[in-house]
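Participant: Below: one structure in structure tokens.
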Amino acid sequence: MLLASAVVVWEWLNEHGRWRPYSPAVSHHIEAVIRAGPRAGSVVLGQADRRLAPYLLDLHSMHQFRQDTGTIRPVRRSYYDPSSAPGKGVVWEWENDSGSWTPYDMEVGITIQHAYEKQHPWIDLTSIGFCYVIDFSTMGQINRQTQRKRRIRRRLDLVYPLVTGTLPKSQSWPASPGVSSSPPTPPCTCPQCLLVMSVKAAVAAGANGGTGTAVPQQQQRKASAQSGGPKPPVPAPGLKPPDGMATTRVPLKTLASQVGRRQAASTPALSSASSATSPPAANGKVSRASLNTLNRTHLQRLAIAQSRVLIASGVPTVPVKNLNGSSPVNPALAGITGILMSAAGLPVCLTRPPKLVLHPPPVSKSEIKSIPGCGQHLPQDHQKAGKTPEEVLKKYLQKVRHPPDEDCTICMERLSTPSGYKGPQPVVKPDLVGKLSKCGHIYHLHCLVAMYNNGNKDGSLQCPTCKTIYGVKTGTQPPGKMEYHLIPHSLPGHPDCKTIRIIYNIPPGVQGPEHPNPGKSFTARGFPRHCYLPDSEKGRKVLKLLLVAWDRRLIFAIGTSSTTGESDTVIWNEIHHKTEFGSNLTGHGYPDANYLDNVLAELAVQGITEESTAQEKD
């Protein structure tokens, strides 16, 4: 636990493994719901931003749920220095291809704002994993590889909510920010928390004696000075540290700027110091001298080796969400806990959580195999050229001479009266009524023709009531390429078979007449996109049907991205794919026992089943 002030930023994990911040208004709304009831179950995000109307945030599982598609994404509650960009209401954005503005990730925005406040002429983002240079003189972003330039801007928004008091770890729940009027909840009783609490009590008792916490601070400063690393910050005068934390209380501003550099050096020191069992006079100098001869890489390897030994011996471990320092709080909590345990003579082992694994290990060309039973698919033209809408619908309808006393669910007028459709008038008489041959639902012919004209005009029709498909449904997917092959690795949950890798590649281009904005360019982000299926009987069945869906232009569409908000871009089209190879942190990976059945059901909704494809061939 850390006593400080911080701004709270709620973030969600997108399909590329990046944590994207909610707006300040949404974060304020979530915090307000938590304050109203610390044990609240869910938050309706549309109440703060109408663009998020389909989304719910489940506070107990810490996931965002989209009601119309069922998509689930992890969320987290992160803390940042009040003097950083989110604490000042500063938002940095870049201009996308459609001319709209996209905010940077919070980590990137804070880094840019820090350089801007220091009046640097430019900043290289390579150190935080991005091959971009930000030029403040031209307010531009330059890709170091392609030299492509984009405009950037700095704007002011609401300040993110501020909390003061004992800050829990990011992603922990339930957690009341600040001072709550509700009764305190009982502390966690898991062995790890009991251990940490007992260490805190022991160190606090030592501090009352006057000697309990002085040694760790002196040792840390001396080790830092000898290794050439940054000196630990001195607590600001006048601040009273909490019990048992006199040696580790630092301002969040200092943590944000130095913890990333300090963490790599301090972690081996914790591991090595805590494993010593003899007095410092006996071996302290020898150990310190030997560590000075190692560079950072060797120290990290040493720490990892010692951690493995500690794990094997059953030593309690402290899970840390981010040891690289992109968040100012998590590494600080890890360091505080490690120092407390070390001060009590307990061994310390910092571990990492599972990582996002999007791709398999490298595969040589000789290891990539073709898939038996999946022949080449040739593009087909499903457009019914030369046929009028009336001729197309005639195949699927039966005329009704005596309409029932019901409403037409398209125009909501009685079937016994003329159609109430007010758009462009088809040539069909407005009082004619027809019944669909398969499902038996009845509509005005006038309304069905109008609905067909507003669709893809591909010779197919879908009942607006029960979604039964007549003919072959096709989509508006832009041109591209679909490849697939076998790789010699197994997916989690499918250890007995190899893996089918599908690679989709769609280039950017210009929208056609069937797209939302004909003649306007569209973007194609994240291509090539790699997807994975188990090489099982059902996995190959899914592959064959996905080939049909690709051929019918149903895998992708052009629209507005639900993850970035960018319009006129290539998006998934309601047939879910698994894009994580070795993990399932975003919900788009394995293991997932129900995925193959779910995607078969999604394909069936699009009119793609083994039976329908066999009938089409016949």
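Glycine residues also receive a Cβ, built from the backbone N, Cα and C atoms like all the rest.
Heads up, TrEMBL stuff is auto-annotated, nobody curated it.
According to TrEMBL:
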{"type": "COMPBIAS", "residues": "216-227", "note": "compositional bias 'Polar residues'"}
{"type": "COMPBIAS", "residues": "230-240", "note": "compositional bias 'Pro residues'"}
{"type": "COMPBIAS", "residues": "264-282", "note": "compositional bias 'Low complexity'"}
{"type": "DOMAIN", "residues": "1-77", "note": "domain 'WWE'"}
{"type": "DOMAIN", "residues": "78-154", "note": "domain 'WWE'"}
{"type": "DOMAIN", "residues": "408-467", "note": "domain 'RING-type'"}
{"type": "REGION", "residues": "208-288", "note": "region 'Disordered'"}
Participant: Looking only at the domain 'WWE' (78-154), what is the model's average confidence as pLDDT?
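Facilitator: Across the residues of the domain 'WWE' (78-154) the model's pLDDT averages 90 on the 0 to 100 scale.
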Participant: For a three-state summary based on DSSP, what are the helix, strand and coil counts in the domain 'WWE' (78-154)?
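Facilitator: The breakdown for the domain 'WWE' (78-154) reads 20 helix, 29 strand, 28 coil.
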Participant: Using DSSP, how many residues in the domain 'WWE' (1-77) fall into helix, strand and coil?
Facilitator: 19 helix, 32 strand, 26 coil
